[in-house]
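For reference, the structure discussed in these notes is given below.
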Amino acid sequence: MLRIGMLTSGGDCQALNAAMRGVVKGICSKRDDVEIYGFQEGYKGLIYSNFKMLTSRDFSGILTLGGTILGTSRQPFKLMRVPDENGLDKVEAMKHTYHKLNLDCLVILGGNGTHKTANMLREEGLNIITLPKTIDNDLWGTDMTFGFQSAVDIATDTIDKIHTTATSHSRVFIIEVMGHKVGWVTLHAGIAGGADIILLPEIPYDTDVVVDAINKRKAAGKRFTIIAVAEGAISKKDSKLSKKELKEKQEKKKYPSVAYEVAERIQKRTEQEVRITVPGHMQRGGSPCPYDRVLSTRLGAAAAEAILDGDFGKMMGVKNGDIVRVPLAEVAGKLKYVDPDSDIIKEARMTGISFGDK
Ligand code: F6P
């Protein structure tokens, strides 16, 4: 008997169900003595032994379904070793559930925080296989995470729609794109949607440069300016502050989010009206795009293969179009940032996009 536990952890994204389907189809095509334990709401399910027994039929018809059939939750890594309100040691509890159920391995679908905990469980002796899920595309060790392209599609669609109304009213629009501390979704959606200015966490912006770019467009007869701003974008001035100083500044200002901060900075210095659009969690919702369906199916099937090989402690990743097994120890705790000197940034600059830095 092969006993597999499965959980989805952290913020959800498109193609989680497609990836799990890939794992289960892959394993069940080779073995018929499989038990699947679906832990509910991420690590919580493992900690409190809350699971459902699933069969391959539960994974049928979910290729296109958004969200996760297992539910998810955020269980911050730094709190893992902190006992819960009843004094329960969460790490010991997870190990206990794993051993009590006599699992052969645990398949964990998650992003950065999830991978830190997954690696800790590996160090504690559990057999772990992970799949790289996040719209942010910030996981180290893989060129691409599933969810990313679907989020890019939605953010691009938002920018497309904003273009028409921005033109009609001759306005400056700031569209805030998700991505946590990195700018992957904003960069790709910004280029795909024809944004005029793209502000990324990796390239701190100078307000004077942004204002100048807007006013030059107006002077050249352009009716609108579209700014795609990553939720983690930061000004040059603020990037020089210590973490403590920045926190104090943000607490004083209390902007609902970064787009409002940028709007306040530029509004007084442009003749045009400024408007804000924040698509927010829409970017994580709905059905996965075809690219993500293919990617997650491939990653899921590769996870099945690794399980059947008994090759644990690995994340399934993508390198130059191929699926690779990346040691979890290399993945955990590292973020993959946009490189400000990369070709894609240079090419975007060549087409006239301003990153607000020079
Ligand atoms: O990690 C995915 C993500 O959507 C980020 O882009 C965003 O910063 C964060 O999650 C939002 O988290 P929550 O769902 O907890 O509001």
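Just so you know, glycine gets a Cβ as well, placed from its N, Cα and C.
Marked as active site, proton acceptor by TrEMBL: Asp136. The local packing around Asp136 (active site, proton acceptor), expressed as other Cβ atoms within 10 Å of its Cβ over all shown chains, amounts to 27.
Taken residue by residue with DSSP, Arg74 (ATP binding site) is part of neither helix nor strand, so it is coil. Annotation for Arg74 (ATP binding site): spatial neighbours Ser9, Gly10, Gly11, Gly42, Gly113, criterion Cβ-Cβ under 8 Å with sequence separation of six or more. Here TrEMBL flags Gly11, Arg74, Gln75, Gly111, Asn112, Gly113, Thr114 as ATP binding site.
According to TrEMBL, the feature Mg(2+) binding site maps to Asn112. DSSP assigns Asn112 (ATP binding site) to a helix in the three-state reduction.
Sequence-distant neighbours of His180 (substrate binding site) (same chain, 6+ apart, CB under 8 A from its CB) are Asp136, Asp138, Glu231, Gly232. According to TrEMBL, the substrate binding site annotation covers Thr134, Ile135, Asp136, Arg171, Met178, Gly179, His180, Glu231, Arg275, His281, Met282, Gln283, Arg284.
Under the heading domain 'Phosphofructokinase', TrEMBL lists 3-307.
Annotation source TrEMBL lists site 'Important for substrate specificity' at Gly113.
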Mind running the binding-site residues Thr134, Arg275, Met282 against ligand 1 and keeping the ones whose CB falls under 6 Å of it?
Thr134
Which one of these binding-site residues has the most other Cβ atoms within 10 Å of its own Cβ: Met178, Met282?
Met178
Using C-alpha atoms only, work out the spacing between Met282 (substrate binding site) and Thr114 (ATP binding site) and round it to an integer in Å.
22
Binding-site residues compared (Gln75, Asn112, Thr114, Thr134) - the one with the fewest other Cβ atoms within 10 Å:
Gln75
